[in-house]
Amino acid sequence: MSIKEQYQHIKSQLPEDVTLVAVSKNHPIEKIQEVYNFGQRIFGENKVQEMMEKQPNLPSDIEWHLIGHLQTNKVKYIAPFVAMIQSVDSEKLLSEINKQAEKNERTIKVLLQVKIAEEDTKTGLEVSEAKELFLKYLQGEFPNIEIVGLMGMASFVDDKVQVKREFSFLKRLFDQLSMQKKLDVLSMGMSDDFHLAIECGANSVRVGSAIFGQRVY
Ligand SMILES: *Cc1c(COP(=O)(O)O)cnc(C)c1O
């Protein structure tokens, strides 16, 4: 299938209220421009350097989402333009994003990345840490940040029951926190598991290889 067919195939499988983040990491700007021309506006990158190189060379109405681990010393490079940082995994990082947002006289939308994979290799906040951070946010500690939701990555396993359990776990936390202040974005699911994620309540999915093809490293 061509990129166009793959993109349209993915789009056709998503309910209208589910946002697609097209994960363009390791793919050249020509391919991103192509998908942009089909109507896609939200793109996800996992590396600061790569996002910085691509952003000035592509249309300015693209919403760039950072989805990979972010080092605090690199926040300043993307703070002027990033639309959302989905991978907030520490208080230190949240504080730095807040500081850089203030410097740029803007508010930055973020998701708290919560560790949901039962295998312990994945990064993310523990549930208790996420709740604590959210509370500090509600108390006004990060005025230049808007926490709009949660992000999670399930284990890379074939066991659908396990993956479903992990997604459902995050959905419950999402509902719980939403009672304190309404959250809009529950970002779960990638090329291989987005159907299951949507079944479990995701309203934003991060799809890379199913659109762009395999990444070449
Ligand atoms: C690479 C990546 C994706 C997309 O993965 P695919 O399997 O290519 O769809 C989604 N989320 C994060 C955090 C990623 O790093």
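Even glycines carry a Cβ here, placed using N, Cα and C.
Residues or ranges marked as domain 'Alanine racemase N-terminal' by TrEMBL: 3-214. TrEMBL lists LYS25 with the feature N6-(pyridoxal phosphate)lysine.
Remark: the residue listed as 'N6-(pyridoxal phosphate)lysine' has GLY44, GLU45, ASN46, LYS47, GLU50, GLY68, GLY208, ARG215 as non-local neighbours, by Cβ distance under 8 Å and separation of at least 6 in sequence. Secondary structure at the residue listed as 'N6-(pyridoxal phosphate)lysine', as computed by DSSP, is coil.
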